[in-house]
Amino acid sequence: EVQKHSVHTLVFRSLKRTHDMFVADNAKPILLDEESHKVKMAVKLRTEYGSVLHMPTLKENLREKGGPNTGDPYGHKQYPGNQGEELEYMITGTHPYPPGPGVALTADTKVQRMPSESAAQSLAVALPASQSRLDANRTAAGVGDIYRHAGIPERSQPPGVSLLHAMVEAGGNKNSALVAKKAPTMPKPQWHPPWKLYRVISGHLGWVRCIAVEPGNQWFVTGSADRTIKIWDLASGKLKLSLTGHISTVRGVIVSARSPYLFSCGEDKQVKCWDLEYNKVIRHYHGHLSAVYGLDLHPTIDVLVTCSRDSTARIWDVRTKASVHTLSGHTNAVATVKCQAAEPQIITGSHDTTIRLWDLVAGKTRVTLTNHKKSVRAVVLHPRHYTFASGSPDNIKQWKFPDGNFIQNLSGHNAIINTLAVNSDGVLVSGADNGTMHLWDWRTGYNFQRVHAAVQPGSLDSESGIFACVFDQSESRLLTAEADKTIKVYKEDDTATEETHPVSWKPEIIKRKRF
């Protein structure tokens, strides 16, 4: 029992001694925590930012005078050791710096390689004296630049030359995140020989309103305000035949590639089918309530499409003369219509400023394009590309099928554009009410030629106007129907070369407008 008592006594005394030591040193663990925190922060500072500690620092005289938001627009946490002292900011990126050493760098704030000291000095030489003193030793973006990037008001005047340009010029890091993107420029256009007038054909007694070339490329047909349709030999330009039957201006003609038929329409509301073996009208298509302004044939099926001042387009069965569909939706006269084998199979342009792409089977609108601000009098389909163009006094616009996605504007033909034509070489022709004709490179929209032919002797200058134009089947000749009662024929200038007629082109910045 004596031994047990002595053991308990020894244990009690040792426990009491341990307790007394703990009570005497109860603040020691806190001090240890503070020391370990400082050590940890020093290690993290060295680990996270060791690669930039050797860089010069940009000092700003920022002093804590109040809460954490005073003098620090980001609300960064201030550590106890920094209160009342001069703060050092090490700016290495172009984005707001992380709130503290313990926060890892993100992809946006990675360290960028700065230009060398000699490069910075060479930059400073080109700056004004006062500015060079500020920027001579600068190798990182200023705090003002950082604030401006973040949308926060600057506290100091920004440098006259941005660091971004200095870094690029000094041979710094060519990281795509730093190099400013170049504005899109127009690619160099394809060279096209200029077109020259080589024949003027007279014979009509009124404005020549429409023109079409037959598939065999032997002759062409015109319709006029003198109410006649005339057929001309393409090679010689001589009149072969005159057809009478319309009682008002003939506004549209087209020759079928599937049958020996010629179709015409006019302001007398009539749509006629002519049999060219007998030179007689064999069918009438009745239904339009007002003047019929244009027509087109479907390339693969026996369907005729017409458009009218009654705000509709109509689809006709060529053989039965039945009106298959009435395409309603436009709110003003439909000035032009085109057909193609692919969807959308019908495209119309109207004086209501819209273009509509139609579903032929359903007889309903697929897409309505409202980009134009004035009447659309002309539409043309590219013979090889799945694209088309529309002409209006505000602009010529190019579009992609099938949804009518906008491609680009062709600006500069500031007149009422009555007609468009394009060939396989990418030459787009626009003819206007004032008699001017512009020729464009389809791909780039470059206007490589402007033509304003003289009116026929005896005509008034006010009778200078182009109502229709078309390329022949070989695409070597361009025919225009004009207000001076003539048909003008153009061909490429065989003597022209890239040296004699160079492309006057500069890589100008493209200013594309959606509307």
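Glycine residues also receive a Cβ, built from the backbone N, Cα and C atoms like all the rest.
Straight from TrEMBL, the features:
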| type | residues | note |
| --- | --- | --- |
| REPEAT | 201-242 | repeat 'WD' |
| REPEAT | 243-284 | repeat 'WD' |
| REPEAT | 285-326 | repeat 'WD' |
| REPEAT | 327-368 | repeat 'WD' |
| REPEAT | 410-450 | repeat 'WD' |
Residues sitting near the repeat 'WD' (201-242): Cβ under 8 Å, six or more positions beyond its termini, same chain? 248-255, 257, 262, 264, 266, 274, 279, 456, 465, 467-474, 477, 479-483, 485-489
Counting by DSSP secondary structure, give me helix, strand and coil numbers for the repeat 'WD' (201-242). 0 helix, 24 strand, 18 coil
The repeat 'WD' (201-242): mean pLDDT? 97
